[in-house]
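A.B. asks: Below, the features straight out of Swiss-Prot:
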- L119, G123, H124, L125, S351, P352, F353: (6S)-5,6,7,8-tetrahydrofolate binding site (BINDING)
- H227: site 'Plays an important role in substrate specificity' (SITE)
- K228: N6-(pyridoxal phosphate)lysine (MOD_RES)
Amino acid sequence: MDFENIKVSDSEVYSIIEEENARQENNIELIASENFTSKAVMEAMGSYLTNKYAEGYPGKRYYGGCYVVDKVEELARERAKKLFKAEHANVQPHSGSQANMAVYFAVLKPGDTIMGMNLTDGGHLTHGSPVNFSGKLFNIIAYGVSDETEQIDYEAFRKKALECKPKMIVSGASAYSRIIDFKKIREICDEVGAYMMVDMAHIAGLVAAGLHPSPIPYADFVTTTTHKTLRGPRGGAIFCKEKYAKDIDKSVFPGMQGGPLMHIIAGKAVCFGEALKDDFKDYAQQIVNNAKVFADELTKYGFRIVSGGTDNHLLLVDLTNKNITGKDAEHLLDSVGITANKNTIPFEKKSPFITSGIRMGTPSVTTRGFKEEEMKKVAYFINYVIEHRDEDLSEIRKQVSELCSGFPIYK
């Protein structure tokens, strides 16, 4: 990227940007919800489109001069619909959380019952956490995973739905590493008369590539972010059946937001275009391959992988038998240039600020070119750091930097 202007006009901000660039280039990024966008996506986000206000929708704006930005929003919508084979797409949500909020407010009233996945079992704040708007405005009935398999027990799920008769059932997760049976959930929704909403933010890229069953044929509403496995800009999107299109669009604008971010929508259009290319399927397959090898290697080192493995891009590691908390492991790994995040595990006994586990994912490292052999090295680094936490780890930091230097991101 060309930062010549900001380098001259604001050296303080420029130095921070360069510092973060160096961190990304020299660290192994294992945050499951992060990725590295293409330069094309970045260029779209930094384009002239940022200057245009465009409240409303293409062909029906509240400002003049929108005939150009209308084109980029239409392009983003059409590419999104083609990518996911959806009837309707709204690409205006600023984030996944706002996309979820827009769906709730489109068809629910405060106090209605929502069934959502427990946060400690892998759900998301917006699926009913009591500290989130969703938990404050709606009556939340949480479901979780089996204490035996640490996977969703669909029969227990069904029984709970029959008991509480929710107005909406939300599926999807932020820390669940297994395939979700959307067909089965659709059957349960039909049985209890509930709307079906799927938050596919984490797995959207895998769905687009055909590596995870798509929720689109089954769900009334599907939300997503456009970063994570889609490798696009920070933002959200909503897909729905055509019969709900007007309700969703009204809920996003004027219900939830004012002017859309046209430069981000342009980045989304570029992202969807990239995901429609054949090589994106190869990339997504490598994400999954890397995650599986990573999980297998960590298991060999004695780490316990929640649910026994992974079917997607992430893995949740229970550190209990390693006698270290998620918080301490996060800081320890960060000290050698490996970025992961502390995370609760099913049936968590520690505070969410401490945790018994860490969550790790492979989208970012796959984007920079890591394959199976590199993931084995990363597993070795992690094991060494945890096992030798009281020793000098400077040699591991050096090896991490050397590995990263062979796989530059933007250089």
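Cβ coordinates come from backbone N, Cα and C, glycine included.
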A.B. asks: Including all protein chains displayed, how many Cβ atoms other than that of F353 ((6S)-5,6,7,8-tetrahydrofolate binding site) lie within 10 Å of its Cβ?
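C.D. replies: F353 ((6S)-5,6,7,8-tetrahydrofolate binding site) is surrounded by 9 other Cβ atoms within 10 Å.
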A.B. asks: Do me a favour and check the Cα-Cα span between G123 ((6S)-5,6,7,8-tetrahydrofolate binding site) and K228 (N6-(pyridoxal phosphate)lysine); whole Å is fine.
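C.D. replies: Here the two Cα atoms are 16 Å apart.
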A.B. asks: Return the maximum Cα to Cα distance in Å (whole number) over the record's (6S)-5,6,7,8-tetrahydrofolate-binding residues: L119, G123, H124, L125, S351, P352, F353.
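C.D. replies: Binding-site diameter by Cα atoms for (6S)-5,6,7,8-tetrahydrofolate: 16 Å.
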A.B. asks: Which secondary structure state does DSSP assign to F353 ((6S)-5,6,7,8-tetrahydrofolate binding site), in the simple three-class scheme?
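C.D. replies: It is coil.
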A.B. asks: Residues with Cβ closer than 8 Å to the Cβ of P352 ((6S)-5,6,7,8-tetrahydrofolate binding site), same chain and 6+ apart in sequence?
C.D. replies: L119, T120, T344
A.B. asks: Using other CB atoms within 10 angstroms as the count, which residue among the recorded positions H124, K228 scores least?
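C.D. replies: Taking H124, K228 as the recorded positions, the minimal 10 Å Cβ count falls on H124.
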A.B. asks: If you draw a 10 Å sphere on the Cβ of S351 ((6S)-5,6,7,8-tetrahydrofolate binding site), how many other Cβ atoms land inside?
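C.D. replies: A count of 10.
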